[in-house]
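In what follows, a structure is listed as structure tokens, so that the remarks can point back to it.
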Amino acid sequence: MIPGSPALRQMPLWQTELARAITDPAELLAVLNLGPDWLPAARTAARAFPLRVPRGYVARMRPRDPGDPLLRQVLPLAEECLPAEGFGPDPVGDLAAMAAPGVLHKYRGRVLLTATGACAVHCRFCFRRHFPYDQAVASANRWRGALEHIAADDTITEVVLSGGDPLTLSDRRLCELAHVLQAIPHVRRLRVHTRLPIVLPERVDAELLEWLGGTRLQSVVVVHANHANEVDAGVRAALARLKGVGVVLLNQSVLLRGVNDRVETLADLSEALFAAGVVPYYLHMLDRVAGAAHFEVAESRARALMSELSARLPGYLVPRLVREVPGAPAKVPVP
Ligand SMILES: *Cc1c(COP(=O)(O)O)cnc(C)c1O
Ligand code: SF4
């Protein structure tokens, strides 16, 4: 083998961890000391949407507890296979809104790129679980369709990288994008919607900080944590590194039955996030995607939780409760 050839070059640590993620339900159950009772259903549900969870995230789960709030977000369950009225494959109307492959231009001034279909973790409640990414990633052809769309429309001031998880892409491809974007005069902000600093904090390494902190664009990273147990020392360190290069940090969560549908849990999450330098931004009502009905929290209950939360916390620690309505010009507040 020739020194310096791709096989010998050091793979970044985060890519190794990404590749080592647990994908076999039997292994996940064994690691957590959970009996085999859950296995047949997990295997069946995983056929529609595979299990995927990084080992470092599993390490934050309580062994022998099938109700663990982190486990519930990733373990395939029999409930996913039950049909549910009103739950479908594209609940937010993304396919109709696509301006170019992987380009969603639904809101004024902001364009959202589905950068990739890949994620480090498969969240069972995800509204993108049925999304046909093969036809719709913005990173294809070196971002060409997306860049043409953005350059041609000077009302676009912010580019939002979403997915999948955009930080599963290599820093080489992301750096290339940031480079071309910052040359477009009307683009001011680059926003990254990612769960990686939470589920695989090793992702926030020197290479990432270099392009994200080095662009003339203002950078905003919106992470996604749903429970305070997700925010451990490794996550806090990763978030501190982002903050250290001037990134503004926000969080979005999904309101999930059995995970965070109690006021104490939501308050603890806001406190844990803010202690790590992150401001709670949105709390999303579940998108009604097929397979996720068992996570739904009724709107009346959601409203009651929000008013209790507001009575406990400073206003800036109370996220905005919103839902996504196809065709609406913004996320719609739940009053
Ligand atoms: C959520 C979303 C955004 C960002 O909305 P903000 O309210 O600015 O956070 C932008 N574009 C699309 C298509 C979205 O779904
Ligand atoms: S897009 Fe986000 S919520 Fe959906 S599976 Fe990926 S990380 Fe989870």
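Think of each number as a place in line: the chain as shown, counted from 1.
The backbone N, Cα and C atoms fix where each Cβ goes, and this holds for glycine too.
Automated prediction, rather than curation, is the source of TrEMBL annotations.
Within 10 Å of the C-beta of C123 ([4Fe-4S] cluster binding site) there are 22 other C-beta atoms, taking all protein chains into account. According to TrEMBL, the feature [4Fe-4S] cluster binding site maps to C119, C123, C126.
The annotation domain 'Radical SAM core' is assigned in TrEMBL to 105-320.
Other C-beta atoms found within 10 angstroms of the C-beta of K331 (N6-(pyridoxal phosphate)lysine) number 17, with every protein chain shown included. Annotated N6-(pyridoxal phosphate)lysine per TrEMBL: K331, in sequence order.
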Original post:
Which of these binding-site residues is closest to K331 (N6-(pyridoxal phosphate)lysine) if you go by CA atoms: C119, C123, C126?
Top reply: C126
Original post:
So which of the recorded positions C123, C126, K331 sit close to ligand 2, that is, with a CB under 6 Å from an atom of it?
Top reply: C123, C126
Original post:
ligand 1 is in the model; which of the recorded positions C123, C126, K331 have a C-beta less than 6 angstroms from one of its atoms?
Top reply: K331
**OP:** Just jot down the residues in the same chain as C126 ([4Fe-4S] cluster binding site), at least 6 apart in sequence, with C-beta under 8 A of its C-beta; none if empty.
**Re:** C119, V289, A292
